[in-house]
Amino acid sequence: GSSWVAAFLCFIILLTTAGNFLLILLIVTQRSLRNTSNYFLVSLFMSDLMVGLVVMPPAMLNQLYGRWVLQGDFCSLWYSFDVMCCSASILNLCVISLDRYLLIISPLKYKLRMTSCRALWLILATWTLAALASFLPIKMGWHELEFEVRSPNVTSRGDEDQCRLLVSLPYALVASCLTFFLPSAAISFTYCRILLAARKQAVQVASLASNVATVTTDETTPQVPCAPSQPAAGSESRRFANKHSKKALKASLTLGILLGMFFVAWLPFFVTNVTQAVCGWGPAGFFDVLTWLGYCNSTMNPIIYPLFMRDFKRAMGKYLPCCRRSGEPRPSAISLSMRNSNSGPRAATSLKNVL
């Protein structure tokens, strides 16, 4: 049984490490991906990469052996990195949602507001808050009930040395609110606003397309030779409106998957963490399962986010043949020549160019 558990945990660690490292390498090497918004993705993938490299391997050893096999002084350091990397991953998700919200609400002012310098300051603030919620309280012993400055994470029981973070109720409430509950509320609010904005834009585009088709039909009604082109303009405008409605539906599904995966991964852990701080006791095995469920969020982030982002699909299509279909094909010389020919512009096409 332990061999299957070890194989599964090794697969999770390798997938987390390889996925985040490859995406960071992809953003650094591809010029089309080096923009301000992807700075936050690099920070997210870096925190998830640290989860895979620093946090998961000792947790796997602790899970397989049932005791802490490394040095006792390394336990508090490992837990500090555990809290910092997981908190940084959640806070980076919050900053990404805020960045997407600003981009959707005011796209024309986005580049003026979200400069590279401000993005780097936001990333620095994210990691600083994560470090202050982890290293400082654990090193100073503030997470303990009596604020004793000692090494409380290793509970000696002969040969059965356990490495567990036993926290007090004030630390559990403050750390959980700063690193999960407040960021999750911000993520839910911004993604719901993004969803409403996407639906509103889809309705506006559909109404514009129908109005342009109506105006074009009214203008071409007295002209008898142009009568056959009227249904074509109307059908193409309807097709254009349906395309934007499908995009709005896809955006809502994407946001639902992102929110669902985030809350499924982290909500049980933080609720159980606060409950254990209140009751003072809890099943260790069940808490370990919830901890690894939270770790798996770092495994899913490099899979979910590029899966729904067109720029990443195009960049990955250069290296992976399976992703080549996802990107939009480049227009050929024949299509460009036909587009630049002397044929009159159609209503839906001109509307698409304006938008």
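Cβ atoms here come from the backbone N, Cα and C positions, even for glycine.
Per TrEMBL, these features apply:
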TRANSMEM  6-27  transmembrane segment
DOMAIN    19-305  domain 'G-protein coupled receptors family 1 profile'
TRANSMEM  39-57  transmembrane segment
TRANSMEM  77-98  transmembrane segment
TRANSMEM  119-138  transmembrane segment
TRANSMEM  171-192  transmembrane segment
TRANSMEM  248-269  transmembrane segment
TRANSMEM  289-308  transmembrane segment
REGION    335-355  region 'Disordered'
Under an 8 Å Cβ to Cβ limit, what residues of the same chain, 6 or more beyond the ends of the transmembrane segment (77-98), are close to it?
40-41, 43-44, 47-48, 50-51, 54-55, 58-59, 70, 122-123, 126-127, 129-131, 133-135, 138-139, 153, 163, 165, 175, 178-180, 183-184, 186-187, 190-191, 194, 262, 266, 294-295, 297-298, 301
Short question: which residues 6 or more past the ends of the transmembrane segment (6-27) have a Cβ under 8 Å from it?
33-34, 38, 41-42, 45-46, 48-49, 51-53, 56-57, 60, 63-64, 292, 295-296, 298-299, 301-303, 306, 312, 315-316
Can you work out which residues elsewhere in the same chain, 6+ from the ends of the transmembrane segment (289-308), have a Cβ less than 8 Å from its Cβ atoms?
9, 12, 15-16, 19-20, 22-23, 41, 44-45, 47-48, 51-52, 55-56, 59, 63, 85-86, 89, 93, 254, 257-258, 261-262, 264-266, 268-269, 272, 316
Could you tell me what the rest of the chain brings near the transmembrane segment (119-138), counting residues at least six beyond its ends with Cβ under 8 Å?
36, 39-40, 43, 47, 76, 79-85, 87-88, 91-92, 95, 99, 165, 171, 175, 178-179
